[in-house]
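A short write-up of the structure that comes next.
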């Protein structure tokens with residue numbers, strides 16, 4: 001059977017369900033597909049289809065993730081749901097499933113629980129820009145005041161993590177009833193998706209951002225000069241444009257005199273393209289893997305940052321023993337390893353942590369031996385002797 005062509009007639013947005021275990025994330029995901037399937041906008045999936053999520057590997061870490069897709073009248077969505085709490089933590093930190101927004105599922109019977117808070121904090125740290133609340137299991141709560149209290153509590157919780165708690169939509173749903181075909185609750189799923197359409201903004205396309213390409217390899221071509229190759233992460237580049245070479249050594253400016261892809265000359269390269277850029281007046285020894293080529297003035301190199309980190313368990317190929325402040329691993333950033341030191345660890349409540357165990361999620365302060373192009377929201381791996389022992393995301397640039 002011929003594969004269906006992906007029709008790009010609607011804007012595409014990536015979302016996911018987050019929240020405490022057993023509050024109904026997977027049931028809600030199934031309910032959304034079933035309600036939209038009745039309008040021909042999704043393929044109906046049941047709980048078991050989504051719950052038996054396949055394992056994936058991202059940056060050397062195994063994560064179970066279910067992907068479903070569906071449409072509303074105005075958009076095409078890719079929706080990610082994870083079976084286990086640890087999968088969420090790993091997913092959000094590695095950026096395996098980049099989310100432009102998330103539906104946070106809270107059971108009206110329980111209110112916000114430990115993982116609700118942890119997922120909201122993580123959403124803040126890893127840069128999930130917008131949230132919508134699905135207050136689930138509302139069919140099981142007879143008292144309207146009780147539901148109102150839970151809603152107030154969640155709004156306060158969101159505000160305490162610097163989300164706009166007063167403005168975020170909170171929709172009362174019963175995922176199970178909607179899945180069973182109860183028309184009143186099916187209507188609530190429509191209402192939820194309308195909120196997602198309206199309050200999760202369309203992401204800025206990578207192509208519209210300032211140009212950035214991480215250098216993977218460098219060649220010199222006799223008579224023509226030096227070529228840097230890599231995948232364009234964002235923006236676009238034309239022949240004749242000036243770029244800066246940033247990281248490891250002092251920043252310098254050069255002009256792109258040629259853009260090649262698959263040995264053919266291009267007028268311009270854009271986000272997602274694997275290209276070779278011919279650079280004017282640059283020697284092969286001036287540029288190396290791990291540097292980035294960027295639009296002039298768009299990025300500065302840094303050495304000190306805070307990161308939200310997941311430390312791999314022994315079974316995941318991580319360390320067998322704990323480590324302490326002062327630990328000196330390699331930080332794998334974009335295309336290269338940079339030696340650095342972890343100077344401090346902090347718990348969620350801001351207190352200092354002495355020791356970090358395999359399997360922990362922790363906030364750390366890292367300092368690199370040479371400046372590289374790091375940015376808030378950027379992913380990195382922590383490695384030791386070539387194997388990955390942790391994954392992180394930059395939550396703040398210090399210096």
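Quick reminder: no glycine exception, Cβ is built from N, Cα and C everywhere.
Here Swiss-Prot flags 10-204 as domain 'tr-type G'.
Summarising the annotation, Swiss-Prot assigns region 'G1' to 19-26 and lists similarity to another entry as the type of evidence. Here the region 'G1' (19-26) has Cβ contacts under 8 Å with residues 47, 50-51, 66, 81, 83-85, 104-107, 110, 112-116, 119, 136-137, 175-176 of the same chain, all six or more residues outside its ends.
The C-beta environment of residue 82 (GTP binding site), restricted to residues of the same chain at least 6 apart in sequence and closer than 8 Å, consists of 16, 53, 63, 64, 65, 66, 88, 91. Swiss-Prot lists 19-26, 81-85, 136-139 with the feature GTP binding site, giving sequence analysis as the kind of evidence.
Under the heading Mg(2+) binding site, Swiss-Prot lists 26, citing sequence analysis as support. Cβ neighbours within 10 Å of residue 26 (Mg(2+) binding site), excluding its own Cβ and spanning all shown chains: 24.
Across the region 'G2' (60-64), mean pLDDT in this model comes to 79. Per Swiss-Prot, region 'G2' is recorded for 60-64, and the stated evidence type is similarity to another entry.
When the region 'G3' (81-84) is classified with DSSP, helix, strand and coil residues number 0 helix, 1 strand, 3 coil. As annotated by Swiss-Prot, region 'G3' applies to 81-84, with the evidence given as similarity to another entry.
Annotation comment: Swiss-Prot describes 136-139 as region 'G4', evidence class similarity to another entry. Within the chain carrying the region 'G4' (136-139), a Cβ under 8 angstroms from the stretch's Cβ atoms is held by residues 23-24, 27-28, 105-109, 147, 172-177, 185, all 6 or more beyond its ends.
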Within-chain partners of the region 'G3' (81-84) [C-beta distance under 8 Å, separation at least 6 from its ends]: 16-17, 21, 25-26, 29, 50-51, 53, 63-66, 68, 91
Inter-residue C-alpha distance, residue 19 (GTP binding site) and residue 26 (Mg(2+) binding site) (nearest angstrom): 10
For the region 'G1' (19-26), the number of residues DSSP places in helix, strand and coil: 2 helix, 1 strand, 5 coil
All-chain count of other Cβ atoms within 10 Å of residue 25 (GTP binding site): 26
Spatial separation of residue 26 (Mg(2+) binding site) from residue 85 (GTP binding site) - C-alpha basis, Å: 12
Whole-number Å value for how far residue 138 (GTP binding site) lies from residue 26 (Mg(2+) binding site) (Cα to Cα): 16
